[in-house]
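J.: This is the structure I want to talk about, given as structure tokens.
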Amino acid sequence: MTGDHRFRTLNKPCVLLIAIAGIERFVFKGVASNLVIYLTDVMGMSSSSAVRTVNNWSGFTSMLPLLVAPLVDSYWNRHSTILTSSFLYLGLLALTSTALNKTNSSSSSSSSSLYWSLYLISLGMGGYNPSLQAFGADQLDTDEELPMTKNENKPDKKSMFFQWWYFGICTGSLLGVSIMPNVQDSVGWGFGFAMPAMAMVVSMIMFSCGNRFYSYSHDRGNDARSLEKIIQSVKCSISKFVHSKTDEKLSLVELELEDKPFCTKQENETECLTNQKSNESNHLVKITKVVIGLLPIWTTLLMFAVIFQQPATFFIKQGITMKRNIGDSYKIPPATLQSAITISIILLMPFYDTIFIPFTRLILRNEKGITTMQRIAIGMFLSVIAMIFAAMVEMKRLEVSNGESMSETLSIFWLLPQYILLGISDIFTVVGMQEFFYSAVPEGMRTMGIALYTSVFGVGSFLSALLVYLVEHFTTSSDGKGNWFSDDMKEARLDKYYWLLAGTSALSLVVFMVLCSFQKTNH
């Protein structure tokens, strides 16, 4: 009841954009959740090659916002970027065509068309996701903008937006991972890719229908051309270093993180230089904190992003070998178990505000309950526990499958706990990351803040692909067999890989906590 009341406090544009974000997640998950099966069963790739392909595609998709976001913040606007990116997202039509024409095309041409369509979707997502989320956050009143002030209601409402935003995309993800794998397995891959394409068209229509409700006051970052100012600031610094003190009377340009005008030649030069000297060190300190302060935290989150890739890759390969029958005819598509992640999020997220936060307020005697960094740390810890459980289940699966009774197999429902644990960890870490990166950058760089958040998963995807390559290389015997990712799941040792992920993630968590303590001490 409390969660429903809080949701109603969001204005109409926020609610509409949350719904559109949910549709986008349905579209993306409808393609990505079962892609590894499409690559192995239809395109004929090996398990390790398919996983690397999915990881590289996910990484490229998540990294593109870092390139697009500075242009959106500096020269474009979020509304136009969303519309333009939506059309690029319709590379889904090309993917549908590839699936329909697979039987009539050569292997090389099919592979080329597949990669072309997938990366066209990536280009669309590169501008769509960060712009849509930042545009949604901009719909809140200007007096509720982050960074946080002494008024406790302001950060709470912004935090509530990000929480319900994640709730919305999880609802879309649930539909994507529960409906589309069944459609793709039972009806066919052509229709299975066509449905997400049609859903994307619907979202474009919905977005256009909301034009009269949207607030565009922040869309240009108060007309702050962040990238241009950074370049001008660098030029200014070089100029001051090269020229002598007699040249100090020239007009100087520096990066403004606050809404203050640049000094012009018509202004009083003495007053201009005085203001510059008083503000220059403060501004440079702010810039340094934004850049240097975020990188260590960003790095420690990469292993969480690696774990984030497992449900759509190796967890599915595990599920294929397990008992999946319900009744005499229906077999559960392994990709649908990803719905356990989103179901756990949808069911448990309302309890975060109604039960968990009041409980932590009572225990910690803190009005906010837990901080954003504590929220991220709890999620990272739960992801480590999930990988430990996954390793133990895989050991049990190998024990059963390699037993004397060749017909005996482990039920696929043994995988549910690791999915659920990852879902609970997402409630803490992913929502915390969104709020942290959005609030940690200046107002004119908010799209960049969201891009920094998505880039964690981009680099994490590349890191996951690299780990798969290295593990496969170092565990393959001289005769080319015996690696941890063998296509024969009776010989594969995914349990060892999961233990490796659990250990490295635990180490990242320790470093993360040390960094948070260090920052708190300095503050």
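Note: Cβ is positioned from N, Cα and C throughout, glycine not excepted.
Whatever TrEMBL says is automated annotation, not expert-curated.
According to TrEMBL, the protein carries these features:
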TRANSMEM  14-37  transmembrane segment
TRANSMEM  164-183  transmembrane segment
TRANSMEM  189-210  transmembrane segment
TRANSMEM  287-308  transmembrane segment
TRANSMEM  340-364  transmembrane segment
TRANSMEM  376-393  transmembrane segment
TRANSMEM  413-438  transmembrane segment
TRANSMEM  450-471  transmembrane segment
TRANSMEM  497-518  transmembrane segment
J.: With the transmembrane segment (164-183) as the reference, find which of 14-37, 189-210, 497-518 contributes the most Cβ pairs under 8 Å.
T.: 14-37
J.: The transmembrane segment (189-210) and the transmembrane segment (376-393): do they have three or more Cβ pairs under 8 Å, with pairs 6 or more apart in sequence?
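T.: No, since the transmembrane segment (376-393) and the transmembrane segment (189-210) share fewer than 3 Cβ pairs closer than 8 Å, they do not count as touching.
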J.: Please give the sequence-distant neighbours of the transmembrane segment (340-364): residues at least 6 beyond its ends with Cβ less than 8 Å from one of its Cβ atoms.
T.: 2-3, 6, 163, 166-167, 170-171, 173-174, 177, 311, 370, 416, 419-420, 422-424, 426-427
J.: Which residues of the chain, 6 or more past the ends of the transmembrane segment (14-37), have a CB below 8 A from one of its CBs?
T.: 7, 50-51, 54, 57-58, 89, 92, 95, 121, 125, 128-129, 132-133, 135-136, 139-140, 161, 164-165, 167-173, 175-177, 179-181, 184-185, 192-193, 195-197, 199-200, 202-203, 206-207, 210, 213, 312-313, 316-317, 320, 333-335, 338
